Amino acid sequence: MSSLSRELVFLILQFLDEEKFKESVHKLEQESGFFFNIKYFEEKALAGEWDEVEKYLSGFTKVDDNRYSMKIFFEIRKQKYLEALDRNDRAKAVEILAKDLKVFATFNEELYKEITQLLTLENFRENEQLSKYGDTKSARNIMYTELKKLIEANPLFREKLAFPTFKASRLRTLINQSLNWQHQLCKNPRPNPDIKTLFLDHSCSAANGARALTPVNLPVAAVARPSNFVPLGVHAGPFQPTPAPAPNANALAGWMANPNPNPSSSVPSGVVAASPFPMQQPNQVNALKHPRAPSNSLGLMDYPNADHDQLMRRLRSAQTGNEVTYPSHSQHPSASLDDLPRNVVSTMRQGSVVVSMDFHPAHQTLLAVGCSSGEVSLWEVGSREKIVTEPFKIWNMSACSMVLQGTIVKEPSISVTRVAWSPDGNFIGVSFTKHLIHVYAYQGSDLRQHLEIDAHVGRVNDLAFAHPNKQICVVTCGDDKLIKVWDINGKKLYTFEGHEASVYSICPHQKENIQFIFSTALDGKIKAWLYDNVGSRVDYDAPGQWCTTMLYSADGSRLFSCGTSKDGDSFLVEWNESEGALKRTYVGFRKKSNGVVQFDTTRNRFLAVGEDNQVKFWDMDNTNMLTTVEAEGGLPSLPRLRFNKEGNLLAVSTADNGFKILANTDGLRILRAYEARSHEASKASIEMKVSTSAMVSSMSPAVGKIEHMDTSSPARPTPLPNGIEAMSRSIEKPRNLESAVDKPKPLELTEIVDPTQCRQVTMPDSKDSVSKVARLLYTNSGVGVLALGANGVQRLWKWSRSEQNPTGKATASVTPQHWQPNSGLLMANDVSENPEAAVPCIALSKNDSYVMSACGGKVSLFNMMTFKVMTTFMPPPPASTFLAFHPQDNNIIAIGMEDSSIHIYNVRVDEVKTKLKGHQKHITGLAFSTALNTLVSSGADAQLFFWTADSWEKKKSSAISLPPGKAPVGDTRVQFHNDQIHLLVSHETQLAIYDATKMECIHKWVPQEALSSPITSASYSCNSQLVYASFADGNIAVFDADSLRLRCRIAPSAYMPQPTPNSAPIIPQVITTHPQEPNQLAVGLSDGSVKVIEPSEASRRWGVGVSVTADKAGTENGRPSSSSAANNNSSSDHQQIQR
């Protein structure tokens, strides 16, 4: 059915609902399958009308469509079965068992047997799992809650749970507009046309010609109908004052109104290429092409004819503001002032006027600040410390245009206009008042120059990050009236032309899988662009018609704009995207502004604006101002402001070239917890009695015992056989004095040799001498650690929110809970008869709901909440040795096998789609790159294979370079960098970085001297700025990911217990990294224990220490000698270094 037909069905549904044809409404919902009425479904489910429930469901899904659908039908039929048992209707229960539940026996025979056994019980509550079953009403409520979650997660119900937002009686309005249009074309229009039927076109006479002066009014008797019908014109008047935009070719007006867009929904390619915005059609009459004056509606243009004013007065009198109330949308509970960050907790002095601020998307207390001097700084607001300062300078003057070079010579002063983090937190973008943008790579509290672009002629007014075509890009706009899109390497991808004035701001966004950019210009025009170079899709007028900024709510469902007119009047509004009209205008601006007000949104709930020397707050659902905060005074007339992601901290600029941090209760907890950890770290540092020189004592205290080594031994990556050497760190730009105080010299190695030098926590109940840790994962949410033992048993540890851990994320400062369901079930895999030869493997779903694992037997899919086995597949032989979910389709799994093949398996249809062959030994690693559409596989044969990820054809194979005489044995692991281009390859003999586009090795490091033992495991940090590696002798090394320069060694004495004389050596088997904290790692040991390790609070990141001169026994020229450094298991590791 076409898009227009689909929209027509929605109009008819609205009409039927307004006319109280309830049965017809739900019948059409079911037969069309366009809208699943969750309220109606709830009503029938709670009433126990099971036949109607299943009949209604059948219009949208069938039992065997997918696992969600199967679970939905199972829960309904199970409840029906239990109710029959509860009323002792055994005959009905047997009938349900045979007719309704039998279908599930083929999927889970054990479960079907267990359900059947309930017939033998006098009371089914004797079954342990049903012991808490209450009465029928409460059981149905519990069932419905589960059903609702399943329906919302089921991809078949995407875009079907929300009714499009449009005005009441829309179908009547369109009919009236049609009649009006027909009447306007009459040659001799009558003052009061007599409309007798809708079945034929209206005409007052045979000829068409001049336009009518009066609109059509449809009489009550126009159509024969039941007496309960109201006249067609009653609901909304004869002609609507805000006509809907003409339907576009793809009719996507509805998607903007979807309150819960799903980015994984599929949209035909033709839809993406066309416009998702209301737009005029080329066949509209010429009169519509010449608007007279802007209105308050994005879609309405005034008609330039003599009777326009009279007509518009009549239309306004007929206007209705009623919105569709079918179905009703939930509202927020009333706003509480305690939710707002209103309490001033700190004041920081920047040194020049703060122009722009942005909090890191994951590190809630890390703030980037851009200034009028062109300076960019990073602040850790928890410790009130400026971590990095980068003064403005042009990185490569020769690459700049002559215009820019001449401008800089004449007027060297330059200001930041915008500073913004990328969504993944790996980059900071900075735009300036002259031509340039800078992009820095963020690397563990360090900024590295990444990209400089001469982007626009004149001022670059705004900068933002976007992800068109699944690649990270930078979007910019400027005084040259252009919007440009650049890839992260500086290649220009798009240039959007069409604005007639300087482009003031941009707002990239995504609805479903349609990506677009809103832009505003200084003439008050708002335009929207798709990534296709076709041109602007809309032409709106912003309130105030001057400087306007647009922002979406955090969940992307609501669009707001804030701006100021040339006269100084400020506007804060919410837009109705589906109609391109203003939905609400917020009030509370008290006086004319001399500049442009700034605003921000948070928690899908609050709006904040800096104006009148204070911060003003609104609840999104209330046009009246909620409250104001003066922040203890000292704010400029128009303060800049920015919330952190959680909305518990607010940064506000001050009049004395600084900024203040405001917090709510949760924000205060975060800051106090940070201060408490810092205090404990400082206290530990003092107790260690570390003596330093006068220069060192002026620096921030170093925690514990830290040695330094130059890169002449393990710190320097070895030259590659082809003569290419790793990038020299000597070419780094010089640091300013402020940053030099906090950082080690670039060529120094920090050694962590004592437990007091780092934070660590051992997972409770983790030590298991009979089962070493074979695989280790963090949950994707970052709140838990999952370990798979060599015995096939998986164990889960979770952190919870507390005053010591307000975020609830994994941390080495708090001991987590060994988590198990009330049933006491273990997540135990089938184990082969020879467990020593088994290769454990594991993969976790993106939403942490399911884990898939194997240990020599069948692959099992476990529910992470109940630990129950949902299904098993791929029984041996051959056994599975590695598992990887396809990044774009969780139903597709790449499974490495012990027979050296790779199976591409479709879970949904339980079928191996294809087998990839080429390796000589079992598969040890699989990694997907969505950017390159590539699957990389590694094997125990030390070979890498590159495959296309759709046709599954082999692109290239390559053997890793082994030391002379080394046989190609041992596990080879692969992991993609966040850029999806660089590939980390680890083997017991080496670490290597490959460029996957060329399928070539570009950097390599081999074990040597202090770190000469075989590598056991390696992993990128979450931001891909670091590489962690564990070694067979217990050492852990931290490398810079770009060049494999060694920056830190964590000795086994720092995190392992003292070995006893007769104990077996403990080996770090596997290492993994936190998904949001780049300096946190977890290590699984051969004794079964799991540890989470982080830097000390004083250093906060690996590789930060203080230059010292060690005692003569272990130094050469002020640095540790290689023999001293290599002896990392000796007793000297446990002795105090005097400084």
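Glycine residues also receive a Cβ, built from the backbone N, Cα and C atoms like all the rest.
TrEMBL does not curate its annotations; it predicts them automatically.
Quick caveat, the model's predicted, so the values are computed rather than measured.
Here is what TrEMBL says about this protein:
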COMPBIAS  1121-1132  compositional bias 'Low complexity'
DOMAIN    34-92  domain 'CTLH'
REGION    1104-1139  region 'Disordered'
REPEAT    453-496  repeat 'WD'
REPEAT    597-628  repeat 'WD'
REPEAT    916-957  repeat 'WD'
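Outside the repeat 'WD' (597-628) by six or more residues, the chain places 331-332, 335, 337, 339-340, 342, 549, 551-555, 557-558, 560, 562-564, 570, 572, 574, 584-591, 635-643, 647, 650, 652-653, 662 with a CB less than 8 A from a CB of the stretch. Taking DSSP states H, G and I as helix and E and B as strand, the repeat 'WD' (453-496) has 3 helix, 25 strand, 16 coil. For the repeat 'WD' (597-628), the number of residues in each DSSP class (helix H, G, I; strand E, B; coil) is 0 helix, 21 strand, 11 coil. Regional average pLDDT for the repeat 'WD' (453-496) in the model is 94. DSSP labels the residues of the repeat 'WD' (916-957) in these numbers: 0 helix, 24 strand, 18 coil.
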